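One structure is given here, and the rest of the page talks about it.
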Amino acid sequence: MKNLLGCSVKDLEKIALNYGQAAFRGRQIYNWLYNYKNRSKSIDEINVLPLKFRDQLKNEAFLFGELTLKEKYLATDGTLKLLLNTRDNESVECVGIPTEKRLTACLSSQVGCPMDCKFCATGKEGLKRSLKVSEILDQILFIENQMNQKVSNIVFMGMGEPLLNIDELLLSIRSINEDFAISQRKITVSTVAIPKMISKLSELSFQVLGKCQFTLAISLHASNQKIREAIIPSAKNYHIKNIIDDCREYVRETGRRVSFEYLMLHGVNDKLEHADELSNLIKGFQCHVNLIQYNHIEEVEFKQTPIKNAQLFQTRLSNSGINVSFRKSRGSDRNAACGQLRQNDKIK
């Protein structure tokens, strides 16, 4: 089966020409595929195409999408989690997060995750496989269709480690930027940090995208190596100081600041001495710390840092000259928040 989702306008023009059609037929497919207001769900719906051409595309197994909707969960704050099934009977989750002026799509890059971070539900079932470009992009279509709103922002913070699927990730970003008309500056890629991959991300971004303007978010979650190894098993292979050094180089190469994600775990990493340690670790280059509230999962007994303690931690960082904010949790009552995505209700 050949998926049209992810094809550029030139790709679609070439397909049209290969079937004896004029190039503008490819542009018509492109418009019906990516234009939010005119989007169709199947080849049959593109009634501006000749019937013969539509039949040819269907007979050659051309598709508009890869996924099917299994379940949807609406949180009290309007956050929508979708459980989607792949063609090989795996399951993946994505989340639509609405605010007054925008709709953020939280996308998955893999089915499951190999990193096994102790505070995250996704890694509890391990990695099944990486997602294809069409499967990543199809999540956007489902969110827009279910929420009747165009996606304005993208965060690769769903299931999986994006840098372990870097080729499909960058092709997806290119399509999101060029075909879905979402600026790179409205895209965030979150990674637990893989050895040598931060520099590779910078290098390949310039090769594939021509520029590197999306936000890189490092799931740091600790102020020292000992704590990080205790909650992130893969940290044993990549020392925290080496991560920061690679981030400094990334900023020099791209001109883009790095965001450090810091999940606050009560009694683990939330003391003021940890704030001081963190500020000393990351000071002196263009970065931002995003403090995150812990969202409960069944398998572990971590506790949320009390709000008062979190505010003191934030103030301590700010007083040290660190750019810092506190991310409000969304969708936790339907297990749609950070760290709660998994392969729920998988079809057997």
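Counting starts with 1 at the first residue shown.
Cβ coordinates are placed from backbone N, Cα and C, and glycine is handled just like the others.
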One of S190, S259, S325 listed by Swiss-Prot as binding S-adenosyl-L-methionine at the site of G160, E161, S219, L220, H221, N295: S190
C117 ([4Fe-4S] cluster binding site) versus H221 (S-adenosyl-L-methionine binding site) - Cα distance in angstrom: 10
Distance check against G160 (S-adenosyl-L-methionine binding site) for the recorded positions C106, C113, C117, C120, keeping those with Cα within 10 Å: C113
Fewest other Cβ within 10 angstroms of its own Cβ, chosen from the recorded positions C106, C113, C117, C120, L220: C117
